[in-house]
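Participant: As annotated by TrEMBL, transmembrane segment applies to B:17-36, B:48-70, B:91-110, B:147-168, B:175-195, B:224-246, B:258-284, B:304-328, B:348-365, B:377-397, B:418-440, B:446-466.
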Amino acid sequence: MSEVLTAETWIGMGVAVVMFWGVASWAMIRTFRQEEKKISIVEDQRRIDTYSPNALEDLREWIHSRPDDPDVEVAREQYNECVDVLKSADHRFYDWSDDEVESLERL
Amino acid sequence: MSNESAKTARAEWGTRFGFLMAMIGAMVGVGNIWRFPFVTGENGGGAFILAFLILLFLIMIPGLIAEVALGRYAGKGVIGSIREATGSGTAVGLGLIVIIVNIALMSYYSPVIGWTLYYMLHSFMFTFTGAEFEAGAFLGDLFADPLTMFALHTVVMGLIAAILYLGITKGVERVVVYAVPALVIALAAIAIRALTLPGASEGLAFTFNVEWEFLLMASTWQEALAQALFSTGLGWGIAITVGSYLREYDDVPLGGGVFTAVGEASIGVLAAFAIFPLVFAFGVDPATGAGLTFEALPQVFMEMSAGGLWAIVFFTGFFLAAITSGLVITEVGVTTVAEETRLSRGKAVLAVCGLIWLIGIPSAYSPDILEFGDDTFALWGLPLATIAILIAVGWFMGPEKLRVLSVNQNSGIYVGRWWNVAVKYVVPVVMAAIMVAFAIDFYGADIMIAGMVVIVLVPIVSFAVMKYVEGNREAPTTAEPTGGDD
């Protein structure tokens, strides 16, 4: 087979396999591992941190910038719930440092 | 986010795997098996793959994330989700546009599933390896037999109704968790066999040879865009509906966006390794297009050793690809009807499946009508429905609100503010450009006129109906318009 295939065809096949099957496999494995970790944390302490540091910061900014939005209370609840879990839980899902958690306050 | 009691009583995917397979099962259809390898080969091989990947990440993944996140945020079907985004009122018609397009598309997809069922049944009877078998005449006989075509359409919709009647976890999920892996295994088995055939490398060279100059051609990008749009299922309402059944701590962007878009395209890549080496090894014309599956491949199986068994493997996989799409496409209407009317789920299943069956009769009767419907709704209906969803998210609700409240909540990857620009501007503009490009390509043709009728009439009817319905709603379950955020 290889005698008909040029180096460029091999590159094309390699890119296709890596970029499609590689990325899809990475995404699937990563999401299953995260699922496993989430289940383990929820089973252990019944609650889990729901936002990463960047995402929680974005949420806080949005709450401050949209005080009149009909969903701002829902957003505040989501924010405070995450802060409460981070401050009280032993295990965290996202990569929060102790200093970052320490600096968080309820809204 | 209102109506919490209804939300908590709602069904959920039993497993993460079930959700992912529902997304993949819905998106992977007939087009992935033959169209992706062929279009890739025709448009510069590796260069096309690069263009396709860029568009996948730039447009399709943000679009899918928006749909899944909206469904999860609202915890409702298409119309309920759009209402959460726009507030009660005429604008909810944006959701009805999606439902109308979805039902129209499914009405002619059901007969196609019927063809795959017919071929699968015949593969089990070893018809394709019989001495008298002639592929063209076999397909011609099927198309010339309206009674059989009608019966197949009826059986398919009956089968879909029976599965959907069982519900999300006991019906849809139970089927897709077996059917999708079975499809992948079937294609992988055929790929292994095909790659060992003399002449198989010609097929690989056709699909994967890199011709960089194609990246500079507008046609390459247009084809890549069309392939990405039609294969990732944007605008069908599927991602909203599937996302609405996500569990509390589930992620949206990694599974609903990246895995779904890249995973379904991976099936196309696998098909390239399975089908085209086979096609070239036996000297079949790859330009046969859709007919490749129903006309050319049966001839190939006839010439292969143990071809009867390989035909069973292929057509079973092909049927599974088609029926899983049909299941989830139909679920979009079922979920919405069950929520928006007083019908129980069982009655909603009967109503939606019955309607699709009724509208699909002309397409089952005549492949020409089917093709006309496909051209009209796939070229203009789908981009229109995609724009409808993204207007609701990008311009009524505001993408930043959805991003902070749903996309990045419990997410497996962080989605930055770039996503807002993609959802609000990039994707709708690209969709509109696609429709303009198709209008230019088909200027003056019947398809173009039919497309214009769809573009004008479907929104008018949808907004008129929803204006009446919303005006007569007894107790709105949502807040008033929430307004944009940027």
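Any Cβ shown, glycine's included, is placed from N, Cα and C.
Have a look at these and tell me how they're positioned relative to everything else.
Facilitator: Beyond its flanks by at least six residues, the transmembrane segment (B:91-110) meets 29, 78-83, 153, 156-157, 160, 235-237, 240, 322, 325-326, 329-330, 332-333, 336, 352, 355-357, 359-360, 363-364, 369-370, 373-374, 377-378, 381-382, 384-385, 388-389, 391-392, 396, 458-459, 461-467, 469-470, 481 of its own chain at Cβ-Cβ distances under 8 Å.
Below 8 angstroms of C-beta separation, residues 15, 17-18, 21-22, 24-25, 28, 33, 163, 203-204, 267, 270-271, 273-275, 277-278, 281, 304, 310, 313-314, 316-317, 320-321, 323-324, 327-328 of the same chain, each at least six residues beyond the ends of the transmembrane segment (B:175-195), sit close to that stretch.
Long-range neighbours of the transmembrane segment (B:224-246) within the same chain, counting only residues 6 or more positions beyond its ends whose Cβ lies under 8 Å from a Cβ of the stretch, are 10-13, 19, 22-23, 26-29, 31-32, 35-36, 39, 43, 48, 51-52, 55-56, 59-60, 63-64, 67-72, 74-78, 81, 98-99, 101-102, 105, 168, 252, 256, 260-261, 264-265, 268, 328-329, 331-332, 335-336, 378, 381-389, 430-431, 434.
Below 8 angstroms of C-beta separation, residues 20, 23-24, 27-28, 32-38, 40-41, 52, 56, 60-61, 64, 183-184, 187-188, 190-191, 193-195, 197-204, 206-208, 231-233, 239, 292, 296-297, 299-300, 303-304, 321, 413 of the same chain, each at least six residues beyond the ends of the transmembrane segment (B:258-284), sit close to that stretch.
Sequence-distant contacts of the transmembrane segment (B:348-365), counting only residues of its own chain at least 6 positions beyond either end whose CB sits under 8 Å from a CB of the stretch, comprise 103-104, 106-108, 110-111, 114, 146, 149-150, 152-154, 157-158, 160-161, 164-165, 330, 333-334, 337-338, 341, 373.
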Participant: So what's near the transmembrane segment (B:446-466) in sequence-distant terms, Cβ-Cβ under 8 Å and 6+ beyond its ends?
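Facilitator: For the transmembrane segment (B:446-466), the nonlocal Cβ contacts are 79, 89-97, 100-101, 372, 375-377, 379-381, 384, 388, 435, 438-439.
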Participant: Residue list, the transmembrane segment (B:17-36) vs rest of chain: Cβ under 8 Å, 6 or more residues beyond ends.
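Facilitator: Those are 109, 112, 116, 169, 172-173, 175-177, 179-181, 183, 187, 227, 230-233, 236, 238-239, 242, 245-246, 250, 255-256, 259-260, 263-265, 267-269, 271-272, 275, 289-290, 292-293, 318, 321-322, 324-325, 327-329, in sequence order.
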Participant: Six or more residues out from either end of the transmembrane segment (B:48-70), which same-chain residues have a Cβ under 8 Å from its Cβ atoms?
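Facilitator: Cβ under 8 Å, 6 or more out: 39-40, 81, 84-85, 208, 214-215, 220-221, 223-225, 227-229, 232-234, 237-240, 242-243, 246, 252-253, 256-258, 260-262, 265, 386, 389-390, 392-394, 397, 399, 402-403, 406-407, 415, 419, 422-423, 426-427, 430.
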